[in-house]
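Participant: According to TrEMBL, the protein has these features:
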type: BINDING; residues: 41, 42, 43, 61, 62, 63; note: substrate binding site
type: BINDING; residues: 98, 100, 110, 167, 179, 183, 185; note: 2-oxoglutarate binding site
type: DOMAIN; residues: 91-188; note: domain 'Fe2OG dioxygenase'
């Protein structure tokens, strides 16, 4: 385990063993992945990856102008949720699964700081598949850090990282292998019902 003070993170290499990774990957072949259109700076764009949101009832997620309805938890994704609770006391009621088909698919600079996220909660990010760079930068100072996340790695982003830091998954044009990333979050239930 590698603990970082700034930004507040915990990196666990090989958190999932190969059999756990295989079970998740096999299950993910059945996920109803979509490529939604989001609004960025007032313009609509399809996201450069596919994704699905799983969660408890009432845990719909709104980001970049897109309301995503929670799909029921699949078996192995639910098991990973309980493993994170057991090992790190990480409470979560939703997970965003991002599928990157190759290195041309990416994620731009952002923070996971939507208002429906439970105040003071941590976010767990688990990667399987191709290794990818995970870039982090401070919102004000511009200080940067690059991690390489390998298959099976866990990055636990502690509160208040999202308030002060942004992260991205940059393009790697020569990479042809896919990657799946699971980000477990704790939402305020029924936040969008009021």
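For all residues, glycine too, the Cβ spot is worked out from N, Cα and C.
Quick caveat, the model's predicted, so the values are computed rather than measured.
Explain the structural surroundings of these features, please.
Facilitator: With a cut-off of 8 Å between CB atoms and residues at least 6 apart in sequence, the same chain places 38, 114 near residue 63 (substrate binding site), listed in sequence order.
In the three-state DSSP reading, residue 100 (2-oxoglutarate binding site) counts as strand. Long-range Cβ neighbours of residue 100 (2-oxoglutarate binding site) (same chain, at least 6 residues apart, Cβ-Cβ under 8 Å): 49, 106, 129, 130, 132, 169, 178, 179, 180, 181.
Residue counts of the domain 'Fe2OG dioxygenase' (91-188) by helix, strand and coil are 4 helix, 49 strand, 45 coil (DSSP-based).
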Participant: By Cβ count within 10 Å, point out the most packed of the binding-site residues listed: 41, 61.
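Facilitator: In terms of Cβ crowding, the pick is 61.
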Participant: For the substrate binding residues given in the record (41, 42, 43, 61, 62, 63), what is the largest pairwise C-alpha separation in angstrom?
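Facilitator: For the residues that bind substrate, the greatest Cα distance is 20 Å.
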Participant: Using the alpha carbons only, what distance in Å do you get between residue 110 (2-oxoglutarate binding site) and residue 61 (substrate binding site) once rounded?
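Facilitator: About 16 Å separates the two Cα atoms.
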Participant: By CA-CA distance, flag whichever of 41, 42, 43, 61, 62 among the binding-site residues is nearest to residue 185 (2-oxoglutarate binding site).
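Facilitator: Comparing Cα positions, the closest of these binding-site residues turns out to be 61.
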Participant: May I ask which residues of the same chain, at least 6 positions away in sequence, place their Cβ under 8 angstroms from the Cβ of residue 167 (2-oxoglutarate binding site)?
Facilitator: 109, 110, 111, 134, 135, 136, 137, 157
Participant: State the count of C-beta atoms found within 10 angstroms of the C-beta of residue 183 (2-oxoglutarate binding site), not counting that atom itself.
Facilitator: 19
